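*Asks:* The following block contains the structure, expressed as structure tokens.
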């Protein structure tokens, strides 16, 4: 019987599956037709791989969807996630970025100047900023609703950003917005698959097909850095046909360590040879072809300018090849490395200003690959190459000073990197060469920062604030209401090697309910954001038709400011004794009772009159029972009977006591009856 | 004649030694000010509370200078007038001198002026008490008080109290607050209603709690300085005037007759003067505050972050009081209830004390100050310094104070133990909040015992006077 049943259910399942496939096919073809119509929704997927100097590989997934504005095309979407479209519509989001990050981007090794790092290097935990298209008075309400929605959408505690102690409204340094921007971070949010799955749900192919099929969870989360990002831009009925509508950009950036033994080669004679890797070796999967509904599906291999320059140098030294091998066509294997797949396109960065080495991007189209013939890109190194990535003009780091749980100081230090010397620092204002640096820092309210203690050191010499700080905006923290925000625009003299800022603070003491469950771990101060607005992270490529079709490359061509985030600081705060509330309440109240009672007693006491009154009272009211009792006790003790002094008659006391108790009880009953 | 000369000599000696001690205390403070910076009194929780801390004041001044409201963050909770008085001094530096030299000098000056005012008030008190004792024919009691001036003692106690020194060197604003309180008492004692009103208004403006001093000030202006209970004079005169002490009419006649000699009835004129001046000064202060906070926030914000901050106990950082730990631990639901209860504890005792001690307004003021500095939301040692100094006025009355040995050593022990516990808890992390809280508790208990026992001692002293004055005439007759 059971076997029969299961067979029947199997049959049913097959039928359902077939039906589903039919339906899906229909859906896909219809969407294809929409695509063909043009001006509709579009989706493209891309992956960028980049070897890092410290034997690691960056994989940067970039998915872009675009939908025309809903008012012109109805409420239904074919490719674009409906949840996002509704969110944009309901909360009138103009621009928004949400990132979940684990690990820290190493600016020294992985670079901090190219568009990739300044867009995708994010502070640990959750970072969210949004610009709203509503009047300023409503922004906070919309922000609150948005955080709740996002928290439900991404299975994260983004709703903690709702409270006004966690978010702020930067004005000077972050992005030009007219009071409609809100920025909040949760440095301690743990990021894991439960955040990735809802993020993948927004993709039309999920992780079933296309590039996202590579996202094998164990290999992704094994990485050194993991950042998933979602960026929304919406423009309401813009005049521009291309720009109007909602753009959704989803990126996943992971830095992985390829293990060279997997590729078969034993490692190695020379320890500093870069590990060879392939897509299958780092992800444990292959690309099974493109996502059918994607407009384009490309894989890029990016060799940054440091590497290219180094390779060229090596080449020149060896003099085995002609100098311009890179530009030539069939160069998938040169003396330094070998690429397993022939690139479809080669893009070389064009730097008009300097005749220096420029980065190279190899493009591979995944369209011709399929399940039977998966795409697997491999890079095999032949000789050891040592290079370094291009860094931001100043390397920023932040640390705590002082010890103990009472006070301390936050210091931000900016060290000039070597690469900055060659950079165009030609920002000469009034005959002085200056480097503009913006600092944006949010400090939670329990870190009570004394802004008047701001000290500035340039090249380790103390300087007056007015010399260096061009503009400063401070909004001091209010207890349990708002965090402290500091925005500074600095003008550093060009030649300076280092700059440091320190701010003293007192540590606050919280109510026991305000401590998190692991109170002794300490509290996190979100990263400070350091930006260099006078520099643009931008790549120039020679004009190509292909570039316009590739969102990732056109993104690289956009000018974006050079940003870097500092470390998250962990500040231990003193804890009260969490087990003591009852003891503290009772002991304190005892002290108050002691004060009240003893003082009142002293004021009330009349030394001379007391005896007289008591005597008279005793004479008057001594009942016969008490007299009897005292006589009895006197006899028992064998002493003469004492004069009854203070002891009032027993029965009298009990009668009054009963009266009092009755009174209190009746009051309690009426209270309970009327107010209970 | 000989004895009188000797007395004069000893008096001159006394005054010269007094001035020596005063200069010594000033020099001691200067040494401490010039001491290397690592003393760090200004960030000690015992010295600097959120209301009196100079660092917070400097922050407020910085915010004000950068055209923001000084109350923008929850840093500064003091008066805007103090900000414009001391604020510039926190920024000014003299080359080669300690950072806060100017502030320290100001606080030093405030301390010395307060000591002088305490001395002058003490002398007035002593003179009036001598007079009243003489009128009661209790000359032998007043004799021992002539030997040593209680004003001098009080002034020196105030100047040499380690609490005062620490508060002065630690740059908390409590010396200024103490100064205005003492100023109001001095004004009332010397019958200068405008001065008394100014001190009272400024004291209330700076730290709210001196507001309760209005009762002793009115009594002081109406009844004159501390004296034995009025009943005694009446009895005295009755027994003096007529041979039949029970005849009321003769008594009243006598009273009318003697009115010019001793102020027996409550004189309303200076009180009305005082109230008039108080209203003038408060309007003046409010206008000044309004001008200084006009650009940003306004008066409401000022009241919220000064008085509101004091009344709602928002800052839970440890201090020597008992409220911080209580409100850090108590359940949020009961918070308002306990806030009301604890503030009521100060107010509830006002009336009983005023009824019982209405003939001793200065002592009443002492009791109020002691109680409020014990139960206030952010107490510091500067507040304790004030009432310990005022205690010196009543050395002769409080000669029979019980537990004085125990109290003295208890206070010394607690004030040594409390920094140790704080260090263990905050800096070393080996202790725990309960240890520090225990010292705060002990300190509160000692203060309670001191207040209770001194009130009881004063009442006993009055009883003693009555007994003596009742027995005296009998002795004279026999």
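Glycine is treated like the rest: Cβ placed from N, Cα and C.
Predicted, not measured: the structure shown is a model, and the values here were computed from it.
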*Asks:* Look up transmembrane segment in TrEMBL and report which of B:43-66, B:139-162, B:163-186 it refers to.
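*Replies:* Among B:43-66, B:139-162, B:163-186, the range TrEMBL annotates as transmembrane segment is B:163-186.
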*Asks:* When you look at the transmembrane segment (B:101-118) alongside the transmembrane segment (B:71-89), do they share 3+ Cβ pairs under 8 Å, ignoring any pair fewer than 6 residues apart in sequence?
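*Replies:* Touching, yes - the transmembrane segment (B:71-89) and the transmembrane segment (B:101-118) meet the threshold of 3 or more Cβ pairs under 8 Å.
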*Asks:* Are the transmembrane segment (B:163-186) and the transmembrane segment (B:433-459) near each other by the rule of at least 3 C-beta pairs under 8 angstroms (pairs 6 or more apart)?
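*Replies:* Contact between the transmembrane segment (B:163-186) and the transmembrane segment (B:433-459): absent, because fewer than 3 Cβ pairs are under 8 Å.
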*Asks:* What stretch, picked from B:18-35, B:198-221, B:406-427, has the most CB pairs under 8 A with the transmembrane segment (B:271-293)?
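*Replies:* Ranking B:18-35, B:198-221, B:406-427 by Cβ pairs under 8 Å to the transmembrane segment (B:271-293) puts B:198-221 first.
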*Asks:* Taking a Cβ cut-off under 8 Å, which residues six or more beyond the ends of the transmembrane segment (B:406-427) line up next to it in the same chain?
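*Replies:* Residues packing against the transmembrane segment (B:406-427) from afar: 44-46, 162-163, 318, 320, 381, 433, 435-436, 438-440, 442-443, 446, 449-450, 453.
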*Asks:* Using Cβ atoms and a strict cutoff of less than 8 Å, what residues sit near the transmembrane segment (B:18-35) while being 6 or more residues removed from its termini?
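*Replies:* Residues 98, 101, 104, 108, 111-112, 115, 119, 152, 155-156, 159-160, 165, 168-169.
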